[in-house]
Amino acid sequence: MPLVVGDLRAERGGRAWDDGEAMTELIHPASAPAACRRELVDAPFLVAARGGVPRRVPVWFMRQAGRSLPEYRELRAGTGMLAACFDPEMVREITLQPVRRHDVDAAILFSDIVVPLVAAGVDLDIVAGTGPVVAEPIRSAADVAGLPELDAGQVEPVAEAVRLLVAALGETPLIGFAGAPFTLASYLVEGGPSRNHERTKALMYADPGTWHALLDRLADIALTFLRAQVAAGVDAVQLFDSWAGALSPRDYREYVLPHSAKVLGGLADAGVPRTHFGVGTGALLGAMREAGADVVGVDWRTPLDEAARRVEAETGRGGVVVQGNLDPATLFAGDDVVRREATRIVDEGRAAAGHVFNLGHGVLPDTDPDVLTRLVTYLHTLTPGK
Ligand SMILES: Cc1c2[nH]c(c1CCC(=O)O)Cc1[nH]c(c(CCC(=O)O)c1C)Cc1[nH]c(c(CCC(=O)O)c1C)Cc1[nH]c(c(C)c1CCC(=O)O)C2
C-alpha cells in the first residue's frame, strides 16, 4: 500500500522545512531517520528555496558527485554504476565526497534517474560514456502494459542510503531526486540516449493513448521513488526533466505537464521544497512551475532575471525562486571569468524571490574540482539577497 502524505510527514519525524520552531517539538517516533535537525531551519539552501533571505549565497552543483572527483573514481573502480547505486554504504560515501571537498550548501543523493526502473525490473544498464541502454525498448501499447510497477520495498537500499546520509550530514540538507516522466520515456522508447527523440515523439503524436498510459506509469514510478526518499529523510527533491526542452510549449502542456504535475502534486504536502529542472527550457519555465514547482531550475541560456520575469508573466503569480545557471563550460575559462560570471548570476538572481546558485547543467567530467571549490568560497563572500 502506498503511504498517504500524512503518514509521510509522521514517518519523517515531522522534519518539515516550513515548520520552523515546531520542527524540533513534533512527533519523534523511534522509526524517525535521525534526530530532528534544528540547524536545518537556517540552512541557506532551504531558506532560499522557500523565498527567504539566506545568511550566505547557497550553492550546490548538479553532478557534483561523480567523475570530476579522483576520490570518486578510486572508490568506483571495479564497481558498476548501478551496483554502486544499490550499495547504501557506497552511496553514502560518494554523496558526502563533494560536501567535504567543496563546502557546498546541499548534498545530492548519488543515484541515477533510471534506478527506480531497474529496481522495478526493467532490463537496462548504464554504459560508461554512453548512458542508460534499454534491452527491450517500449514502443507499443503491449510494451506499456508490460512495464512493471515500482513497489517502495524495491528501492529499500536507496532509502537505507538516505537514512545513513541524514545521520552523517549534520547541517547540510540532502536533496533527493527522480527523472520526470518525459525524460524517462525518452530513454525507454529510444532504447538509449537520443539527440532528436524521434521515436519518442512519433509515439507521442501517433498514439496519444499509449503515450499518456506510458507517462502515467512513469509518473507513478517517479512518485513512489520520491516518496520513499522523503519518508527516509531527504530535505528537498528535484525532478529532472532534462530533455523536456525538446518540446514546444504547446506539446509540453498537452503531453507532459499533467504527468509531471502528478509527481510534483503528489509531494505537495510532504513538507519539502520541490525543484523542477530541464535543459533548453527557456520557453517552458512558466509551465514547469505550473506543474507544481517551488523552485524552477534554469539552464545557462536564459538570464535569471529574464527567467523570473517570464515565469511570473506566464503564470500570473509572483514569488518564483530560481536555481542556476552558470554554463558548466565556463569552469574551463579560468577563475577571473568564473568569478565575473558568478557575480553577474548572483546579481540577476536578485530579481527572483529567491536564488540557489548552481550550474546550468551538470558538472562536465573533465572539470578541475579545485575550480569548483574556489567558486564556492567566492560565492560565500557575496551578499545574498532577493
Ligand atoms: C539524464 C540523466 C541521467 N542521470 C541523471 C540525469 C538527469 C540529470 C542530467 O540532465 O544530467 C541524474 C543523475 N545521475 C547521477 C546523478 C548523481 C548526483 C549528482 O551528483 O548530481 C544524478 C542527479 C549520477 C551519474 N549518472 C551517470 C554517471 C556516470 C557513470 C559513471 O561514473 O560511471 C553518474 C556519476 C550515468 C548517466 N546517467 C544518465 C546519463 C546521461 C549518464 C552519463 C553517461 C556517461 O557519460 O557516462 C542519465
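Backbone N, Cα and C define each Cβ position, glycine as well.
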Which of His361, His380 belongs with Arg63, Gln64, Ala65, Gly66, Arg67, Asp112, Tyr187, Ser242 in the substrate site listed by TrEMBL: His361
Pairwise Cα distance for Arg63 (substrate binding site)/Asp112 (site 'Transition state stabilizer') [Å, integer]: 10
Rounded inter-Cα distance in Å - Tyr187 (substrate binding site), Asp112 (site 'Transition state stabilizer'): 13
Integer Å distance between the CA atoms belonging to Asp112 (site 'Transition state stabilizer') and Ala65 (substrate binding site): 11
Fewest Cβ neighbours within 10 Å, where candidates are the binding-site residues Arg63, His361: Arg63
Beyond the flanks of the domain 'Uroporphyrinogen decarboxylase (URO-D)' (58-67) by at least 6 residues, Cβ under 8 Å: 43-45, 47-48, 73, 94-95, 97-98, 102, 104-108, 110, 175, 277, 356-359, 361-363, 365, 372, 375-376, 379-380, 384
